[in-house]
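**Q** According to TrEMBL, the protein carries these features:
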DOMAIN    43-128  domain 'Ig-like'
DOMAIN    151-225  domain 'Ig-like'
DOMAIN    247-328  domain 'Ig-like'
DOMAIN    333-400  domain 'Ig-like'
DOMAIN    406-487  domain 'Ig-like'
DOMAIN    495-595  domain 'Ig-like'
DOMAIN    602-700  domain 'Fibronectin type-III'
DOMAIN    705-802  domain 'Fibronectin type-III'
DOMAIN    807-894  domain 'Fibronectin type-III'
DOMAIN    899-989  domain 'Fibronectin type-III'
REGION    684-709  region 'Disordered'
TRANSMEM  252-270  transmembrane segment
């Protein structure tokens, strides 16, 4: 379908509502023999010229007006300016590229105006909408000197801007004294964007200074300035009150979808008035906004209903005045209905109507091929133009007048029917005007009867067809341009029969069933089959292997047997199954019903009818029983502290299948619960219902006492009592806390302390009078806003022990390596070891603590060949004891820094002889006492270690694999650097590799090294 580009001034193409293209024609056929690409059609605009503003200050003096259309044949283009044809050949300033008009050295005097593009081909021509070309410029202010302005203090003043010549609109602003100090509009100062004048009400001494009027072109962004002086404020007091001296309602028309401003400004002597607004015939629109100290009423997105009279009123303590103005809203034309492409037979009548709305009401003009209707030829491109004083819109359509002899797209036609069925023989030629139609069978004219009818669309209809109706039928069509015939061969066959068994079957979820379909048909016809479920084609590929088709053909009859096997049936497989058989003559459907029994569906939504501290009365509705009666319901609950859904006890117990309510009992008080119900029948248990809304049980006194009450630790003279906190599930209400009760053994009165935090697990009591490790009887109770709950069992807790009084004894230290020192002492309690370098202060010491009653500690990460001072002090939960006297100990010298060099190795089978140069320690390094050889299989992290005092070793490697060997020197200071790695390959075939001797040096790598 091809859509015409209906267009207009002031609206873009996306503003138009979508419309369809309709054709009215007697020319019809069973298929369209011409494609869109080969069919000729008139021009259709793809792009039309838009309004443009060209800056005269532009370096490129070239204006481009765009136009593009499609059509078949391809359109050609021409342009009009103010209704006059543009001649690119006669004026070198104009040129055409495709449909675009290019204006060189554009001039406002010559080129200002309205432009239209004309697109034309052999079908006709169309005109685009008008596009206004304007020119932007900003002149200089007049060189005439502006005089200084004098005004009395408290009086109003107007500073005139008198803008320079310009196009299009400009923006006014004022600068006070110097940039960037712009004048801010408020209740005393206003800048008119109509005239550019600055209005100041109630002049103050702070207003004296230099004023600059600045104007800016909205297109070119060019700016020009003029300076005005305000001086000589007279100090005489002012008594009278000036009337309003400036009040303005914009007089220009306003269109829908634009902003509208009502502007009012004034100046008085004293005091500054307040401004109010009202609409005389109704309320001011809610979307309206007041700006600039209520001096401006702004109405966005203006609509027709915003029209009316508005009043602005200025009032102060000395009086007031008002001004009224009328707002009239106009609209561009908008289409209600448009014309569409139409095809008519020669001699037919056409009624085309286009309608539009607008204010003022639009008038209409019609064009044919871009000209007024004055031609005797009807075919061509037509345009309806709706216009008012604010714009015009165009609707375009193509009219084709048709004239042709009858023609059939297919000939002959073969039609197969079945005995007893109605059959229709169509006759739909392409012709213009409409042809006369007649039918004959063989050589005899077909006469209408009760059984044979000729329909209005020229179709021959035969009721209750039989074998005698077989034969050749000829439809003849003719008009003044010629004639044509269509032959239809009618064959009548015996009807097809389809039987589907069993007709109704009941099965249980998980079982299997087979449906058989028997089809008897005319053997001369091909037959196709389709299985359906609930009238939808059955797709076995998407059913997870539940369905399988089987088809067999009887060797003695024309019967075809089809089988549908359904395995491991699910509830969703229930429904009406159909077996459809189809030939070119008829289509027959047989159906069977499959009923599936299964677990119940989910019950209806659970409603909480009543809630107490330990019970909830619930109700629900029955779900589907899936053809097996529901026997019982199971009620489940979930809370924020439970592990998922839990079955709860009910009253009654059990809940039978005919019930729709029950009471959940033995709930915990003050817990938020959700409830759901699960149904069970003889087949199984179904899905749960949707959960109820969350509800909280009522509060109650706590019923659970704290567990695992214990104590110990703490500082001297402290009694530390701890317990496991009560979870929120068992707090039973708000205001939950603990009651800690204790008494010294052998005393009678209990001391009780309140712990208000529900999360607390510890209470500390301090008393300087009781000695360390004093036994106490302790119990912990609970409470909430509803009252006190139970106490725990009484346990014995000891007060804290005292901090150590003596330092550890027999402190000794031993250097293990260059980075490790072992410290030992005699047992006292937990210990803290401090260590620092001999040249450092004890305050900088590092500290390391034992994790229990240990008597040894290994210090690591130390510097080699360095003297350290070490002291030990005891500590416990009560505090730290005194430190032992520092002892001095030096770490061993560092391990050798050089690796073993000149590795040489010889492999014989799985035996490897390895040797290297001895490592010599430097003066500041520990002497070498032996070597460590590390062996690991490639790809594994575990290494085998062999120690030797010599610089050679023989290794026996396991069969099959690649092994990596490296050597390190060993000294009292630890292990030295590793040698280069040696890679050795062994094989299960015991193949002897050639012996290699490769020297390892700074410049050469041995072949097997990595």
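Note: Cβ is positioned from N, Cα and C throughout, glycine not excepted.
Since the structure is predicted, the reported quantities are computational estimates derived from the model, not experimental observations.
On this model, are these features tucked inside or out on the surface, and what's nearby?
**A** For the domain 'Ig-like' (43-128), the DSSP counts in helix, strand and coil order read 4 helix, 46 strand, 36 coil.
The average pLDDT computed for the domain 'Ig-like' (333-400) is 90.
Helix, strand and coil counts from DSSP across the region 'Disordered' (684-709) read 0 helix, 6 strand, 20 coil.
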**Q** Ranking 43-128, 495-595, 602-700 by Cβ pairs under 8 Å to the domain 'Ig-like' (333-400), which is first?
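**A** Ranking 43-128, 495-595, 602-700 by Cβ pairs under 8 Å to the domain 'Ig-like' (333-400) puts 43-128 first.
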